[in-house]
Amino acid sequence: MSSVPENAPNHCPGTQSEDAGKASACAGCPNQNICASGVPAGPDPALEIIKERLANVKHKIIILSGKGGVGKSTVTSLLGHALAKLNPDANVGILDADICGPSQPRVLGVSGEQVHNSGSGWSPVYVTDNLSLMSIGFLLASPDDAVIWRGPKKNGMIKQFLSEVDWGDLDYLLIDTPPGTSDEHLSVIQYLSAAGVSGAVVVTTPQEVALLDVRKEIQFCQKVGLPVLGVVENMSLFVCPNCQARSEIFPATTGGARALCAALGARLLGALPLDPLLARCCDSGADFVAELPHSPAVLALRAIVAGTRLRNIARPPRVFYTLPV
Amino acid sequence: MLEEVKHVILVLSGKGGVGKSTVSTQLALTLKEKGFKVGLLDIDLCGPSVPYLLNLEDQNIHQGSGHWIPVYLDKEKKLAVMSIGFLLKSRNDAVVWRGPKKTSMIKQFLEDVYWQDLDYLIIDTPPGTSDEHITVMENLRNVPQCSAIIVTTPQQVAIEDVRKEITFCRKTGIPIMGLIENMSGYECPTCSECTNIFSTGGGKSLAEISKIKFLGSIPIDPRIGALAGKGVAAVKELPDCTTSKVFNDLINHLPHTTANGS
Ligand SMILES: Nc1ncnc2c1ncn2[C@@H]1O[C@H](COP(=O)(O)OP(=O)(O)OP(=O)(O)O)[C@@H](O)[C@H]1O
Ligand SMILES: [Mg+2]
Ligand SMILES: [Zn+2]
């Protein structure tokens, strides 16, 4: 593993490990004091390795939301399918950075697949010719397997995903994340600081409990200098399949994503309706964009894709530092 | 300071947005209505929703001698609440912390909050099986009366993550009291047709396969959604709705204790 220095003794736990500097193998190692202090020595060499590995990835977009279950994984997969379809010559990759609750293998219909390790790194799983995926879900023996890891181990996994997956040339790399503003998010941003990130797409639902967390997420983006490409409001309206009447299942009592965007100066990319067929497609791994091209959700998606692409080109990748450790 | 707490109930789910906080707050409010002394601890540090749900957003934590005094919902001090939300200056403030800081905050919540004597302490958790969960488990190892309620929604994407949470409970030795399915169906307000937005029956069959007690299904009910931010119990406000029935039944499944009158 790359976190083992060259001059390390046998059985070195790795500089990123919780046991760094404390394991029995560390006795006598010249790096022991640095490791034990918990302060990383100089810039992590992984940043350069990742920059090189992702040199041929044009746009790196992080999908975020403070709140759980608002549809980050759904939006990521929809964006992935839509971007790949829009331009058959473009290549799109999805990295599932949700280590404890990976959803992408199921949502993209490739659960049960295996990733292969070759000389040039891990090959992602191909969903279609130009849409590929890497997820910890591919590394688990059974769907019941729980990944009971504290932060440092999750961070190590994310570092490996970013430095060791052989994506080939990509136009877009979409990164799905777990809810919150913690290890996974900080690690993705930190490890990509040399390679550069285009920005974040923030997903929310209309009700105040969700907006509450999304405000925090946008503040997080500002704190770490990550440009917000825009906000997607998901599950906005429900259209009854029986009588076609529209209703608000999650009422926007405080003005929904629109008011939030206006207050925080973010751009609203679009609103996706709540569609039971979309939930079915996620469960079965079917490609919703291909199955129901004329549904209101796919029509709404078009505007979102257009917005994401526009902003992408307008904004040069930025570099940020000073992240909390 | 958990010596005087009779039962600890963890509300868990591998998946985000399934309704853990709604279940936690409504369970706490139901128990309060029944006359118990209840504590509610929110260990979702990056996305605390308990203060908002209970309409306590402007409250502050007071420092006692060497401990924190929780926020009380009512004058009778039947429901005590602790959340990181009470420690933030603004509701927009993001808590951008890695694992070790989250761990020490949760330890403080478990060790330094002066709960006094409680019949039940309910712990609302974030999704996943990581720092917060490992820390709580390690710190509750010596608390004998501790069990978990698992919350899921019916669709496979959620069930898949919840299976991981069940494995987590089994590996760490925490008994699972049962499983609640949330957001089972939605009744159209215009034609009353019930649509299973997130499919149906997933929770029940998961409970059967995993040999866990099934504690009931809660539909998507906008009236319950509207209780968010009010801090009132569904069982009191909407006694006849399905959700209230589920919570009334749930109380019977809890480990028994005699209501603390003092
Ligand atoms: N517009 C929609 N219409 C209907 N169902 C939807 C819609 N968006 C998402 N869903 C469903 O809602 C559930 C939650 O979505 P998803 O898993 O994408 O959320 P998430 O934000 O990734 O959750 P987590 O925080 O747990 O990672 C899924 O079952 C998904 O199929
Ligand atoms: Mg997800
Ligand atoms: Zn209808």
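Here the Cβ of each residue, glycine as well, is placed from N, Cα and C on the backbone.
Unlike curated records, TrEMBL annotations are generated automatically.
What TrEMBL lists as ATP binding site is B:Gly14, B:Lys15, B:Gly16, B:Gly17, B:Val18, B:Gly19, B:Lys20, B:Ser21. Secondary structure at B:Gly16 (ATP binding site), taken from DSSP and collapsed to helix, strand or coil, is coil.
What TrEMBL records for B:Cys188, B:Cys191 is [4Fe-4S] cluster binding site. On its own chain, B:Cys188 ([4Fe-4S] cluster binding site) has B:Cys194, B:Thr195 as residues at least 6 apart in sequence with a Cβ closer than 8 Å to its own Cβ.
Less than 6 Å separates the Cβ from ligand 3 in the case of none of the binding-site residues B:Lys15, B:Val18, B:Lys20. Between the CA atoms of B:Gly17 (ATP binding site) and B:Cys191 ([4Fe-4S] cluster binding site) there is a gap of 27 Å, rounded to the nearest whole number. Secondary structure at B:Cys188 ([4Fe-4S] cluster binding site), taken from DSSP and collapsed to helix, strand or coil, is coil. With a cut-off of 6 Å between Cβ and the nearest atom of ligand 1, the binding-site residues B:Gly14, B:Lys15, B:Gly16, B:Gly19, B:Lys20, B:Ser21 reduce to B:Lys15, B:Gly16.
For the pair B:Lys15 (ATP binding site) and B:Cys191 ([4Fe-4S] cluster binding site), the C-alpha distance works out to 31 angstrom. Listed in sequence order, the residues of the same chain lying 6 or more apart from B:Gly19 (ATP binding site) and placing their CB within less than 8 Å of its CB are B:Val151, B:Thr153, B:Asn182, B:Met183, B:Ile218.
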